[in-house]
């Protein structure tokens, strides 16, 4: 019995302790839950206080019913959204107003979402949609969580991959999710907390939001085109941004004003991948609402268009030109789903589905330029306008993208280079300058954004993997091998927009970085004082020695333009330029040749001295220098003509990379079709290392001429060649081979220049050798008999 009492006492104490722990921890959990609920309620009230358009209101089925029955709705302006089960009411009462049922839709678990408003009131047009892909970066949303018999909690969450995340805690109740479009809130869908997914709502107010199909993300989109004699501008209805800018090729037709020449890549794509060389490239509508038929060739795509034959590989909307983006990586468009407000031959006006953003594209009279006006009805921070991603240009066998901006620093206006971001740090944002304009260039072409109104300080540039925005060159056979997409990443340039609502104008130049067009643009945009934006600075000489060669290149181009005016051919201009330079340098070259001939005549005597004083190298050197002095010979003089020509050679190289007018300029059709690219005598399918798929004849001719010059400049000898002579001959042969390989992939214009220079040098050498009779030259050699 005593044992039972002890056991009972022990059990009682343990039970009491357990109950005490339960009460203690339960109270603590309850207190924690109450604190969390109070915190969530405070956050909800704070958000609702700062959001005028959206509010939580009670409702009843009739005026007689009390509003204290804990039935709540979300009010969006002049609309009510209700969640009910078992049926809906044709009319409800809230805050002194009757609301009529517009439409209802059934969702998971038998929940009805009903839309109420004033009878006869217009609803959102079904033709305006906001397309949201299922996979994209997270973006902020507003969530109204309904809990049993409680006022809904409103908080900020994140939407990604169809799920909602709440940093303040888990989501337990059914929730309505709203998207802030910049002009208010639009229902994004209803959130099922058990399944953790968002379902779209089939309601007029929510039809503005469409979840795009992964397999066909742009199936619902249309494209509109503005065009003139300088460009085609293809605008996407889905994004409101520019899908493509296509520049027509120059032709002999009187109405054609383009200066863009067709090059080999254009012809090769039209033959091997016609779908990728079609223009406009997508199903496009003109101002007469007529479909525009695609044509193969005839245009240059300034912007990358991805793979036109594969919808999934087209350029994503966030990388299209003149889109407005935000977010951590500046890669989230702030509005999608636009409708046409007005469309004629010169102007296209688009408005987002919620009316928050209006875009106006206007063609002007200036070549390759147009105007963009952006109108926002509600302010928002961290908005940026993008330049788009220029197509790839191969300049002297190199890929040379560049982002630059023009600004005033230290009371001086200048053009500044932007360091291109890398894959690891794909976004570069700087706030240390206020660009007057920003340029995104591929070398020969560029997109220039010029704000017409003051904007915040700063600029940005982003790195985009080549597989995301593939270049058209990756379609050349063998596909993605000759020019693999991954090897050619894209870059965008961005300017910030003011955070206040208003109208913002930009002048956009999208075309060749050519002297005549940029000067015309400068004149058209000069202010009352005659000051210009200095767009012509966008033409920059490139290379490590550009600070030295730029004056030479400018001089060469002036002479070439003069000869082009006389002959009508850039190729002949290069040859005539070479002749002029040879005439200018003739006295120096003649003196150098004469000096070298003397050196060759002195060679036997030098060998005799070296043999005599081979044990006294210092004495031999003194005797040789005395021999040079008596005959007025300097060994270095033979190098002077070549040294003087080097700046002109490098200047010509820079000129061919910087002068757009030479791009696509033909000299001998079928062989030399582009002076800024290697000549092509014939080609084949399978690439060969170093040689590629094309046979370039000019570098080989250059090597032959250099070899001939070395043979002509050698002195005729009666006996066997000395070691020094054999060494000189071997060096000459090696130089000819070296220049052949070095110049093999150089532009044909540079090869024409150097080949012409070498050929004229051979002729001058041969003539000089004839004039300088060997007997007379031998008498000019003075020997020190006393040595």
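In case you wondered, yes, glycine gets a Cβ from its N, Cα and C as well.
According to Swiss-Prot, the feature transmembrane segment maps to residues 170-190, out of the candidate ranges 149-169, 170-190, 191-211, 212-232. Looking up the ranges 667-687, 688-708 in Swiss-Prot, the one annotated as transmembrane segment turns out to be 688-708.
Within the set 636-656, 762-782, the record from Swiss-Prot flags 636-656 under the feature transmembrane segment.
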